[in-house]
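Structure in structure tokens, see below.
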Amino acid sequence: MEGFGRLFELAKPYLVVVFVQFGYAGMTILAKSALDKGMSPHVFVVYRHAVATLVIAPFAIIFDRKARTKMTFSILWKIVLMGLLEPVIDQNLYFTGMKLTTAAFTAAMCNILPAFSFLMAWACRLEKVSILKRGSQAKILGTIVTVGGAMIMTFIRGPMLNLPWTKGSQPSASSGGSATHQSPLKGSLMIATGCICWSAFITLQAITLKEYPVELSLTALICLVGTIGGSGVALIIERGNPAAWVFHFDSQLLAVVYAGVICTGVTYYIQGVVMQTKGPVFVTAFSPLSMILVAIMSSFILAEIMFLGRVLGAVAIISGLYLVLWGKSKDQASVKLECDKITPCEQQMAGNGEEFVVVNVTKEDTN
């Protein structure tokens, strides 16, 4: 039983990030359906974070009451910046880009996220890189391949793939949306820019948690800032269109509640917990799972058409991603090897910030 408990503890970070990707896959399908039915992506972002704030805030007040640290200006401006980067800028670009493309295309483009996260973590010294080591070389090469795959998806369409369950569907149709309203180039640029903001958000979240290690309170504050900032953006873009704020009690309501509870409130919290032990790159490393789930569900549920160029681009993105992951695993193995060479006494002294000198005493020295 003890061995099973230890195995579960080791597997727990992997299980929760896999849960996050299943959550994202469901949100992508629901959000695409709601947007195709006419819901404003900017209003969707506001409602999503309002729901998340209302759900998470009570838990933060109850469970973080004693653990909450003092709020400083340094922490406050980081929270405001996070609330603007991901809830406001990223999600407005992401869902607008989704409306201009397809659910499968959007999920595939988001696989560039780990590469951008690696670059930002490297720049902020959260990720170590040594050009002479194979692990670091793999991470750099994987980043280049990932970006190249995103460019293939953006600029190369290729022939249509006739899957058995999509036969009879027209390339111009996409479940309630028309190709005349789609712009893959514009949409892909929006999604890519959103992913850059998302990567910056995750990196900044890892930094902020070192100063403010209360995940529930941090999540609630980010959602609150996102609701306020998103409301300002939506009011400007949808001015003179009060009908945009009305949603129907169908897939639109389901998408708002699901995205708010699962993909904002719960996900922000899980990211914060896992990030403190595994780092920001690990949190984003499982995004291909979401892409695979979305590709399958969207072709069945939304009857979306797949094209060869986009499939090849997605394969390149996944290949690059796993080069990054392989490189990261090599780096972690080398760090573990170095740590194993340090005695427990040395580790304790180093953890206390004490300087120490290791002196090897041989038999000849004692004589």
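Residue 1 is the first one shown; counting continues down the chain.
Quick reminder: no glycine exception, Cβ is built from N, Cα and C everywhere.
Here the structure is a predicted model, which means the values were calculated and not measured.
These came from TrEMBL, pasted as-is:
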DOMAIN    14-154  domain 'EamA'
DOMAIN    186-325  domain 'EamA'
TRANSMEM  12-31  transmembrane segment
TRANSMEM  43-63  transmembrane segment
TRANSMEM  75-94  transmembrane segment
TRANSMEM  100-124  transmembrane segment
TRANSMEM  136-156  transmembrane segment
TRANSMEM  189-209  transmembrane segment
TRANSMEM  216-237  transmembrane segment
TRANSMEM  249-270  transmembrane segment
TRANSMEM  282-301  transmembrane segment
TRANSMEM  307-326  transmembrane segment
Using DSSP, what's the helix, strand and coil tally for the domain 'EamA' (186-325)?
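Each residue of the domain 'EamA' (186-325) counted once, the result is 119 helix, 2 strand, 19 coil.
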Does the transmembrane segment (75-94) reach the transmembrane segment (216-237) with at least 3 CB pairs under 8 A, where each pair is 6 or more residues apart?
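Since 3 or more Cβ pairs under 8 Å link them, the transmembrane segment (75-94) and the transmembrane segment (216-237) do come into contact.
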Kindly report the helix/strand/coil residue split of the domain 'EamA' (14-154) according to DSSP, in that order.
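Residue counts for the domain 'EamA' (14-154) by secondary structure: 116 helix, 0 strand, 25 coil.
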Could you check whether the transmembrane segment (307-326) packs against the transmembrane segment (100-124) - three or more CB pairs closer than 8 Å, residues at least 6 apart in sequence?
yes
Before we move on, state whether the transmembrane segment (282-301) and the transmembrane segment (43-63) share at least 3 Cβ pairs under 8 Å, counting only pairs 6 or more apart in sequence.
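In this chain the transmembrane segment (282-301) does not contact the transmembrane segment (43-63) - fewer than 3 Cβ pairs sit under 8 Å.
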How about the transmembrane segment (100-124) and the transmembrane segment (249-270): at least 3 CB pairs under 8 Å, pairs 6 or more apart in sequence, or not?
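Between the transmembrane segment (100-124) and the transmembrane segment (249-270), contact is absent.
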Pop the mean pLDDT for the domain 'EamA' (14-154) in here, whole number is fine.
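That stretch averages a pLDDT of 87.
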Using a Cβ cut-off of under 8 Å, list the residues of the same chain at least 6 residues beyond the transmembrane segment (216-237) that approach it.
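Same-chain contacts beyond the ends: 40, 42-43, 45-46, 49-50, 52-53, 56-57, 59-60, 63-64, 68, 79-80, 82-84, 86-88, 91-92, 205, 208-209, 244-245, 264-265, 268-269, 272.
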